[in-house]
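Working notes, structure below.
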């Protein structure tokens, strides 16, 4: 099973490393405009395989993506001093206009897994450029935000995070929506579980957890310049779900016909992920406040994509 990664920077290389550690693929091909960078990362990661799983890691060019079942797109440009978000979006859209056709020429049957930020808008750009069915252009979305939410809830409740079922939906960014109202632990509603555990969730606790999820990327970027290990592991997890036709539920971003009255927008909702990409979208139970917040998030994303002409 071959996986391609276009863009060998922090996120692309961390994803390749996670694929090796998790033993997800049998072959990983790194493609980057900076061929020396791709080659260096491929060689370095290959040397980890004796300690992990037998994965053939190599660098290549677009034609080497032939036969890939998943292509992870982590290509993009860094924000310049004084550059607006919309200007950055426009430059990244230009990058996608170059790379997406090249990917599909080599691997027309692949599922595209979008990692470039802002990921929701870039997922919509990739979908429009590709001409693929929307279910085959999947953004990493709020998988990391959802993981952070579950981890912080688990920490407060003194329970394993794997037993926490809670979602973050909408934008992967400032307008994301933490769905408190339908969160559960072990099949028990969150509030009831917290009371039974003697770990009540006060308004201050909720605010602390919300800030912990919503501001995590800012704290990490302030400390070391970028986030990559968490999203690299998350992208490897999504790749495994696709390659194994797992049909697991993940909060990934997808071009969606309508969300809370906002038409044609890419954002995150819980979705079933399998061999051909997204198989179904699940709408979690939301209270009125969460519904309004999701609508605002959708409007923000719709506006950004529309400003780019996508």
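Here the Cβ of each residue, glycine as well, is placed from N, Cα and C on the backbone.
The NAD(+) binding site annotation in Swiss-Prot covers 11, 32, 62, 76, 77, 115, 116, 117, 140 and rests on sequence analysis. For 79, 85, 117, 118, 119, 120, 145, 146, 147, 148, 227, the entry in Swiss-Prot reads substrate binding site, with the evidence type sequence analysis. Annotation comment: Swiss-Prot describes 150, 165 as beta-D-fructose 1,6-bisphosphate binding site. Taken from Swiss-Prot, the feature active site, proton acceptor applies to 172. Under the heading phosphotyrosine, Swiss-Prot lists 218, citing sequence analysis as support.
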NAD(+) site span - longest C-alpha distance across 11, 32, 62, 76, 77, 115, 116, 117, 140, in Å: 22
Integer Cα-Cα distance in angstrom, residue 165 (beta-D-fructose 1,6-bisphosphate binding site) to residue 172 (active site, proton acceptor): 18
Candidates 11, 62, 77, 116, 150, 218 (recorded positions) with Cα within 10 Å of residue 227 (substrate binding site): 11, 218
Cα-proximity to residue 117 (substrate binding site), 10 Å cut-off, over recorded positions 62, 172, 218: 172
Fewest other Cβ within 10 angstroms of its own Cβ, chosen from the binding-site residues 11, 77, 147: 77
Cα distance (Å, whole number) from the residue listed as 'active site, proton acceptor' to residue 150 (beta-D-fructose 1,6-bisphosphate binding site): 16
Cβ neighbours within the same chain of residue 145 (substrate binding site) - under 8 Å, at least six residues apart: 168, 172, 176, 213, 214, 216, 251
